[in-house]
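K.L.:
Marked as active site, charge relay system by Swiss-Prot on the basis of sequence analysis: Thr40, His43. Among the features that Swiss-Prot reports, Zn(2+) 1 binding site is placed at Cys38, His63, Glu64. The Zn(2+) 2 binding site annotation in Swiss-Prot covers Cys93, Cys96, Cys99, Cys107 and is backed by sequence analysis. Taken from Swiss-Prot, the feature NAD(+) binding site covers Ile175, Asp195, Arg200, Leu262, Gly263, Ile264, Ile286, Tyr287, and the record attributes it to sequence analysis.
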Amino acid sequence: MKALSKLKPEEGIWMVDAPKPEMGHNDLLIKIRKTAICGTDVHIYNWDEWSQNTIPVPMVVGHEYVGEVVDIGQEVRGFSIGDRVSGEGHITCGHCRNCRAGRTHLCRNTSGVGVNRDGAFAEYLVIPAFNAFKIPDDISDDLASIFDPFGNAVHTALSFDLVGEDVLITGAGPIGIMAAAVCRHVGARHVVITDVNEYRLELAQKMGATRAVNVAKEDLKDVMSELGMTEGFDVGLEMSGVPSAFHSMLDTMNHGGKVAMLGIPGGDMAIDWSKVIFKGLIIKGIYGREMFETWYKMASLIQSGLDISPIITHHYKVDEFQQGFDAMRSGQSGKVILNWD
């Protein structure tokens, strides 16, 4: 079968002819229709330090997808041939304390599709049926293919009550932009997003941000004054992994504010803990999606009128994958879709 593989320990992704994956008794075989390129895939392409320490080579990559069930393991119940599915990319162990308590998103033995095991950038993918999520008929293939990153946005944004709150989002990548749309949809008052990438700030404004702030040109505190904010942000969503952005967030949070952190700093990050202590801030780390509460919320948000389609800015045939990766690496894109049909 046709697949995109991290074939060599150097920059790049390669098209290969890979064997069709074999199923187990509890698995589904999925024929891939569309995949989306994640920031993680860009890290793997670039072969940065994280990738060198994490990714086995060679390996089929990719974990954002939608496809059709074409074969079902003999122990699987609840799925039929032809079902349209996406899937949770974190394969959990099922036997650790958190898994047994129903907190599978906190499994300490997680394996990642397209990170630790063969991924979805292929004509066929095998995953445990437990990880598959049926896509409602009224949700398009395009939107279903980005449910994985949309889930990161939903999990982060809905960590705290947002109704009537002022929200600061640091980092206008696709996940941060989708989080801004979620915040507005569920009733936040002001949603301010910061970055230095004008293309993505414009996209964030289109998707519902009250203000998209280029912090290289504007002072965040001036924007707060312009919006009539006198006390600070109630909720912070840190999506960038940039220390200066997190420091700015701590400076502008209201007392008793709540911060959800999805962005991963590149190394150790020093912060002024006195601000956390004296402001009484709550900081919560976010990893992946809650299984499967986040997935049900994703579908329901779209079905209730949330439009995240503007975040999809580029489509390519899979044979044009290099153009897709070039678009993602340029920073002048939202989500990039590869068509496998």
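Note that Cβ sites are derived from N, Cα and C of the backbone, with glycine treated the same way.
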K.L.:
Please state whether DSSP places Asp195 (NAD(+) binding site) in a helix, a strand or coil.
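P.N.:
Where Asp195 (NAD(+) binding site) sits, the three-state DSSP reduction gives strand.
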K.L.:
What's the CA to CA span in angstrom from Thr40 (active site, charge relay system) over to Ile286 (NAD(+) binding site)?
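P.N.:
Ile286 (NAD(+) binding site) has its Cα 16 Å from the Cα of Thr40 (active site, charge relay system).
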K.L.:
Enumerate the residues of the same chain, Cys93, Cys96, Cys99, Cys107 excluded, that satisfy the criterion Cβ within 8 A of the mean position of the Cβ atoms of the recorded Zn(2+) 2 site; list them in sequence order.
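P.N.:
Leaving out the recorded residues gives Thr92, Gly94, His95, Arg97, Asn98, Arg100, Thr104, Arg108, Asn109, Thr110.
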K.L.:
Suppose we draw a 10 Å sphere around the Cβ of Cys96 (Zn(2+) 2 binding site). How many other Cβ atoms does it contain, all chains included?
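P.N.:
Within a 10 Å radius of the Cβ of Cys96 (Zn(2+) 2 binding site) lie 16 other Cβ atoms.
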K.L.:
Where the record says Ile175, Asp195, Arg200, Leu262, Gly263, Ile264, Ile286, Tyr287 bind NAD(+), what is the longest distance in Å from one Cα to another among those residues?
P.N.:
23
K.L.:
If we count other C-beta atoms within 10 Å, could you say which of the binding-site residues Cys38, Cys93, Cys107, Ile175, Ile286 has the fewest?
P.N.:
Cys93
K.L.:
Using other CB atoms within 10 angstroms as the count, which residue among the binding-site residues Cys99, Leu262, Ile264 scores least?
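P.N.:
So among Cys99, Leu262, Ile264, the binding-site residues given, the one with the fewest Cβ atoms within 10 Å is Ile264.
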K.L.:
Can you name the residues of this chain that are 6 or more positions from Gly263 (NAD(+) binding site) yet have a C-beta less than 8 Å from its C-beta?
P.N.:
Thr170, Gly171, Glu238, Met239, Ser240, Gly241, Val242, Ala245, Phe246
